[in-house]
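Q: Before we start, here is the structure in question, set down as structure tokens.
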Amino acid sequence: MPISNGTGLGFLVNLVIGFGKDSGDHEFEKPNDKNALNLMNSCAVSMLEHFPDIVFAYGVSDEYSFVLKETTQFYQRRASKILSLSVSYFTSLYVMKWKEFFPGKELKAPPSFDGRVICYPRGKIIQDYLAWRQVDCHINNQYNTCFWNLVNSGKTEKEAQEFLKIIGGIHVTLILQGTQSKDKNELLFQQFGINYNELPAMFRKGSCVYRDKVEETVKLDKGGNSIKKTRNKVVLAHIDIIGPKFWSEHRYILEEE
């Protein structure tokens, strides 16, 4: 059955969720494995290159949200078809690209991805959804950075969890008092000597994949001057998508020309 906002239209978000419990078999670095994340990013770039109806993708950890344009008629907007095709294609990419990012490590088990397709009626709601995912990325990364530093310093995983419950209680108190993010970062610095803002942006902000408008020289005229043409190029970036700046500068992503 087609999925829409009641008018036959609406943005579709195809959420692909992966690896999960199998990641331990491959001994990924904790809290973040750069190669594993870049493998996911490479698969996402290939998804946008292969499926023109995908206008934006946001990834964190082992999941990626693919946004299909508002007027898409991809597979007649049938959620089951979209999901099965995208998950199978993404999984195939993951297997094909594995050696590129882990040349000395074999896949110990077939990668498995699941997902779901959701319809959002307006671009603003899509922005809110993506902002929520990026906020979640920050919260989880901050927690996991604390957790694995505690474990690596000698605590058991249970001891680390109990310790973070106490830290979590402090965070709740600070938030209720109106404390800003910088105070939470200071708490992380005091406990582990880590400046949160100096961690790689990919860990803190997640990964965005979209088509950017770039100018490229296509040929030279008789006088040797460059003749340029604007084209869409799929790019990967680790940027803020919570505030309005990105969306105001890239209106074309959600507003079809």
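Each residue, glycine too, has its Cβ placed from N, Cα and C.
Fair warning: this is a prediction, and the values are worked out from it, not measured in the lab.
Just lifted these from TrEMBL, have a look:
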| type | residues | note |
| --- | --- | --- |
| DOMAIN | 18-121 | domain 'tRNAHis guanylyltransferase catalytic' |
| BINDING | Ser61, Asp62 | GTP binding site |
| BINDING | Asp62 | Mg(2+) 1 binding site |
| BINDING | Asp62 | Mg(2+) 2 binding site |
| DOMAIN | 125-242 | domain 'Thg1 C-terminal' |
Q: So which one is it: of the binding-site residues Ser61, Asp62, which has the fewest other Cβ atoms within 10 Å?
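A: Comparing Cβ neighbours within 10 Å for the binding-site residues Ser61, Asp62, Asp62 has the fewest.
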Q: How would DSSP class Asp62 (GTP binding site) in three states?
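A: Asp62 (GTP binding site) sits in coil per DSSP, no helix or strand.
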Q: For the domain 'tRNAHis guanylyltransferase catalytic' (18-121), give the DSSP counts of helix residues, strand residues and coil residues.
A: 51 helix, 21 strand, 32 coil
Q: Summarise the model's confidence over the domain 'Thg1 C-terminal' (125-242) as a mean pLDDT value.
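A: A mean pLDDT of 82 is what the model gives the domain 'Thg1 C-terminal' (125-242).
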